[in-house]
Each structure stands twice: as structure tokens, then as C-alpha cells.
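Take a look at the structure set out below.
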Amino acid sequence: MEERRKCILKTRLDKIVITVVHILMCGVYLFELLVILPRIYEDSSSVGKNLHIVAGTWILFNAIASLWKFVLVDPGTGSLILPSMLKPGWRFCWKCEANYPPRSFHCFQCEQCVLVRDHHCIIGSNCVGYRTRRYFHLMAFYMWFALLYANLLNMDFVWELFHSFGSKTLLTMFMPLLAWIFGVAEGETLAMAFFSSFCILAFLYGTAVILFHIRNTLKGRTTHEEAKGLGAKYNLGLTENMKSTFGNNWKFAWLSPLIPSPMPGDGLTFVEKELLSQCGKNL
Ligand SMILES: [Zn+2]
Ligand SMILES: [Zn+2]
């Protein structure tokens with residue numbers, strides 16, 4: 001059972017970041033809906049246009065639902081009872097004053113130890129850990145997919161912008177504030193240039209982020225384990241690695257953050273690759 005965090009978005013910066021993320025996500029959605037789609041489909045009742053609206057709304061809903069699931073779910077130990085005796089491979093956290101299992105680390109922003117801690121994500125101000133990694137990955141995937149979709153829809157417009165503006169295009173697209181100050185572009189063109197350039201830059205950054213996390217997911221390791229070269233022993237093969245990120249229902253869990261998909265194990269004990277292969281040999 002997922003436990004809610006007691007306190008979310010504690011600082012003013014957390015609230016500003018999540019507000020800006022919502023404005024950008026909804027801004028791109030409205031830009032595609034109100035500016036780009038009418039340019040592609042002049043007939044407002046076109047089937048193609050309506051299919052794009054349904055697909056875009058589904059992507060936006062999943063991105064926002066994944067973000068809020070990530071914000072709300074407790075990445076720590078919740079109501080789990082931790083042992084009072086220090087077990088082999090475990091460590092004592094002086095901040096939490098409790099014993100914690102392997103793969104857990106203390107997060108100074110969340111002010112608690114987090115099971116299978118990956119990293120603290122500034123979007124949503126929460127740790128990516130045992131209970132939250134599914135929602136972080138879905139959030140990253142749907143945001144990236146939304147940008148890919150938007151860039152494909154924007155292609156003709158961006159091409160047109162390059163041809164109609166010539167040398168001033170780069171300034172308008174990548175430094176819209178300067179373009180506005182120098183009067184190179186204004187009004188609707190400026191807004192269109194801002195959103196289309198944002199989609200390109202955010203997509204490039206998002207692609208690098210998502211490739212890094214996909215690689216870690218496929219190898220069954222966290223960002224910390226990747227950095228320290230420690231993750232090999234938890235690499236149990238594709239199916240088990242996918243389950244450890246997306247839950248037991250991993251084949252369908254990626255379709256929506258609202259699909260139930262319980263996480264395997266308890267986040268305290270882990271099957272290691274060597275033990276698994278030894279068991280296989282003994283059978
Ligand atoms: Zn701690
Ligand atoms: Zn944290």
C-alpha cells in the first residue's frame with residue numbers, strides 16, 4: 001500500500017518549480033491545440049485533428065498524474081518497522097536514529113532515509129526511491145513523449161519560421177527576450193517562436209535524461225550505484241529489472257500511473273545476481 005507523504009512542497013522554491021512545470025506543460029498543450037493544429041487542419045471537424053486532441057490530452061493527463069503521484073507518495077520507510085539490531089550489510093543513520101538496509105541513503109532535502117534511493121528530483125521535490133521510481137520514470141517518459149509529439153507537429157511551422165525570418169530567426173527562437181527588446185519579433189510570432197524553441201531544447205535535454213535512466217533501469221541499478229560502480233549484483237535480467245522499476249504489472253503499468261502495479265519485495269531485502277545463479281546451479 002502506498003503511503004502519502006506527511007509534508008509536500010515545503011519550500012517556496014518547490015512551489016515555484018512545480019508551478020512553472022505546470023505552466024510549461026499546459027502552455028505547450030494549448031499552443032499545439034490553438035495555434036499549430038488549426039494551421040495543419042483548416043477543417044475544425046477533421047478526424048485527424050480530433051485524434052491529435054485525444055492523444056495530446058491523454059499524454060498531458062498521464063504526465064500530470066505521474067507528477068502528482070511522484071509528489072504525494074512517501075519514498076521513505078513509511079510505517080515499516082525497522083529492526084533495532086544492526087543486520088549485516090545494514091547501516092545506522094545518525095540523522096534518523098534507525099538502522100537502514102542496503103541501497104538506502106539519507107536525503108537531506110526529504111529529511112529521511114529513502115529505500116533504494118536513486119536521487120532527489122527537484123521537479124516535485126521528492127526522492128526517487130523504492131516506492132516512487134515508477135512515477136518518476138512515467139513522469140519523465142510522458143514529458144519527453146509530449147515534447148517529441150509537439151516537435152513533430154511543429155516541424156512545418158519551424159521550417160516556415162526559418163525561411164521567413166532568415167538571420168533573425170535564431171535570435172527570435174532561442175533568445176525571445178532579446179528579440180522582443182530589439183523589436184525583431186513581437187506578439188504571436190514571438191510566443192510561437194518561444195514555445196517551438198522550448199520544445200526543441202527541452203526535448204534534447206529530456207532525451208539525455210531519459211536515456212540515462214532507461215540504461216539504469218535495464219541494468220537494475222540506481223544513479224548512486226551507477227556512479228559508484230556497485231549495481232552489477234542487483235542486475236537480475238530484463239524482466240526482474242523492469243519489475244523493480246515499474247512493479248509486478250510492468251507490462252501495462254507504463255500505460256498510466258493509475259494502473260495498480262505493486263512493487264516486488266519489501267525494499268529491505270534484495271535477491272542478488274550471484275545468489276540467484278548459485279540457486280540455479282544447485283537445482
Ligand atoms: Zn536517515
Ligand atoms: Zn529527497
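Using the three backbone atoms N, Cα and C, a Cβ is placed for every residue, glycine included.
TrEMBL annotations: computationally assigned, not manually curated.
Here's what TrEMBL has on this protein:
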type	residues	note
DOMAIN	90-228	domain 'Palmitoyltransferase DHHC'
TRANSMEM	16-38	transmembrane segment
TRANSMEM	50-71	transmembrane segment
TRANSMEM	135-153	transmembrane segment
TRANSMEM	191-212	transmembrane segment
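Within its own chain, the transmembrane segment (16-38) has Cβ neighbours under 8 Å at 9, 44, 49, 52-53, 56-57, 60, 63-64, 67, 71, 122-125, 143, 146-147, 150, 153-154, 157, 188, 191-192, 195, 198-199, 202, counting only residues six or more beyond its boundaries. Averaged over the domain 'Palmitoyltransferase DHHC' (90-228), the predicted model reaches a pLDDT of 88.
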